[in-house]
Amino acid sequence: MAKLMVLTLLGLAMTHFKNHQSSYQKRLTAFREVEPVDLPNCNLVKGIETGSEDLEILPNGLALISSACFFSFIIYKGLKYPGIKSFDPDKPGKILLMDLNEEDPEVLELRISGSKFNMSSFNPHGISTFTDEDNTVYLLVVNHPDAKSTVELFKFQKEEKSLLHLKTIRHELLTSLNDIVAVGPEHFYATNDHYFVDPCLRSWEVYLGLSWSYVVYYSPNEVKVVVDGFDFANGINISPDGKYVYISELLAHKIHVYEKHANWTLTSLKSLTLNTLVDNISVDPVTGDLWIGCHPNGMRIFFYDPEHIPGSEVIQIQNILTEEPKVTVVYAENGTVLQGSTVASVYKGKLLIGTVFHKALYCKL
């Protein structure tokens, strides 16, 4: 009788496992092949070989780029991130600067100063800027030192081409940070892409599709969860007028639109489902269009195989607040040029595409 019960429980467990395996593959769009969409005037960015996971373009055309050499729970290749491949895992990360006003722009590494900042463990992920009334530019960076999560606050010094480290922000609700959008020098919304911190539990959380990840609002005086229930909360950004917050849910293939209130809470307005894994969100400050770096096949980005490399995809969403937003695949490629696109942003007819662990692409639209 005991043996029969064990066999029954084992059979139920295997059935449950297979059911989740099918769901898991669907969430990762594991069998999707890329249908190419070319842009004619594109070049790889000189000086970026191991990641450009997130980027922010200032109104003057200067692009700040997060470049790292990730760790592993899932592991990206440039960014040392739990579970994603890293081509150069032993070097610390860096913030790069690129002037999009130049005809053939190149990147340079910003020097980082600050007596309390540990450069050797710098592992930048999502970034965001905030410009104060006196035109001081603050850069907020999600950092993963030693597989932990912090937010690093810097002052961008344009003339010196450097960053001055001002502060490291830690909090018990900032445990699995992915992306960030600044709404003040020390005020921001941030996505936690996992609920658990333990690598094993994180893996099961993703595999079982528990949808427990969440978004936090942080200020020096108040820290709170504002939205939860995500299947891997990933990118986050804000509308040019500051009224709406956009959040990408990677494994549900959704872009969510929330109304932002005076007390920093968020109210859901709508969601848009796409046929791809949606990563970072950039917002065109002129048109309000959303530009999204995407992973057409998540299996290939999370489980890197040089024989089956991950492709890249960039989506533009126009009029997202209307009843019929327009979704356009602007660029799609099978990985022979660009592997693992995570972000895309525009400036005066130019498009800059970053990747989690690979190169970056610069296009004239």
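In case you wondered, yes, glycine gets a Cβ from its N, Cα and C as well.
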According to TrEMBL, the cysteine among C42, C69 that forms a disulfide bond with C363 is C42
Recorded positions near D54 (Ca(2+) 2 binding site): from I127, D179, N234, N263, N334, C363, Cα within 10 Å gives I127, D179
Counting Cβ atoms within 10 Å of each Cβ, the densest environment among the binding-site residues E53, D54, D179, D279 belongs to E53
Nearest by Cα to C42 (disulfide bond), of the binding-site residues I127, N178, D179, N234, N280, is N280
For I127 (Ca(2+) 1 binding site), the same-chain residues 6+ apart in sequence with C-beta under 8 angstroms from its C-beta are D54, L55, E56, L64, S66, I95, L139, L140, V141, V142, I180
Taking only the CA atoms, the spacing between D179 (Ca(2+) 1 binding site) and N334 (N-linked glycosylation site), expressed in whole angstrom, is 25
Across all protein chains shown, the one of the recorded positions N280, N334 with the most other Cβ atoms within 10 Å of its Cβ is N280
E53 (Ca(2+) 1 binding site) to N263 (N-linked glycosylation site), Cα to Cα, whole Å, comes out at 31
